[in-house]
Amino acid sequence: MGKFQVISHPLIQHKLSILRRTDTSTKDFRELVDEIAMLMGYEVSRDLPLEDVEIQTPVAKTVQKQLAGKKLAIVPILRAGIGMVDGLLSLVPAAKVGHIGMYRDEETLEPVEYLVKLPEDIDQRQIFLVDPMLATGGSAILAVDSLKKRGAANIKFVCLVAAPEGVKKLQEAHPDIDIYTAALDEKLNEHGYIVPGLGDAGDRLFGTK
Ligand code: PRP
Ligand code: URA
């Protein structure tokens, strides 16, 4: 079974509380998602493999460490996942970025995929699949299906708020992936929204409602 980790650093908890508030503006919401993603990135990238590299300092030749071989791809699930990309890129600027477009049908709550655009060598990359919300789990499961169909093998799913129902479904469907969240909330409501959650992440990020 992959790792499941709630990254509950005090800075993350503080920022997440502001993010959840109804009266937080679109501008602040966007900045907070960016900052929280960056803070989570520190922990999510903890086990990236290193290799030796010989370098010359002004004083001597020395063998030190650098990130090894297989490189990273950050893959946001559109729309809301886009808000987490820059924060992670600020830590690993050389990462490639793929996109998976998906929306939840409001009646059935089933995800509908409308775009997949990934780096060609996605099968050789460590992937950070990002979406602020893990609710029923449908979108994350379909996104991982889509990545695996294209050869991806090394996937970490990173979200900000998760419902227990979604975590369970994602773990059952894809037991090999690691899941990181900033908060594990109480439950889903009858409309498939996370309680207490933060509302519709895409709408709040882009100001569409
Ligand atoms: C939201 C969110 C996730 C999905 C989670 O996207 O960003 O992708 O719902 O729900 P699930 O776990 O039940 O699948 P939404 O469908 O609202 O699309 P949007 O980001 O384009 O607004
Ligand atoms: N998608 C969201 O944006 N918010 C929720 O609470 C559930 C799904």
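Just so you know, the numbers here start at 1 and follow the chain as drawn.
Every residue, even glycine, has its Cβ placed from backbone N, Cα and C.
Feature annotations, reproduced from TrEMBL:
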- 6-208: domain 'Phosphoribosyltransferase' (DOMAIN)
- Arg79, Arg104, Asp131, Pro132, Met133, Leu134, Ala135, Thr136, Gly137, Gly138, Ser139, Asp200: 5-phospho-alpha-D-ribose 1-diphosphate binding site (BINDING)
- Ile194, Gly199, Asp200, Ala201: uracil binding site (BINDING)
Cα-to-Cα gap, Asp200 (uracil binding site) vs Arg79 (5-phospho-alpha-D-ribose 1-diphosphate binding site), nearest whole Å: 11
Ala201 (uracil binding site): tally of other CB atoms within 10 A of its CB: 25
Nearest of the binding-site residues (Asp131, Gly137, Ser139) to Ile194 (uracil binding site) - Cα to Cα: Gly137
C-alpha spacing of Met133 (5-phospho-alpha-D-ribose 1-diphosphate binding site) relative to Gly199 (uracil binding site), in angstrom: 10
Rounded to the nearest Å - Cα separation of Asp131 (5-phospho-alpha-D-ribose 1-diphosphate binding site) and Ala201 (uracil binding site): 9
Entry from the binding-site residues list Gly137, Gly199 having the most other CB atoms no farther than 10 A: Gly137
Cα-Cα distance linking Ala201 (uracil binding site) and Arg79 (5-phospho-alpha-D-ribose 1-diphosphate binding site), given in Å to the nearest integer: 9
Mean of pLDDT values spanning the domain 'Phosphoribosyltransferase' (6-208): 96
Where Ala135 (5-phospho-alpha-D-ribose 1-diphosphate binding site) falls in three-state DSSP terms: coil
Neighbour-count leader, CB within 10 A, binding-site residues: Asp131, Asp200: Asp131
Those binding-site residues in Arg79, Ala135, Ser139, Ile194 whose CB falls under 6 A of ligand 2, listed in sequence order: Ala135, Ile194
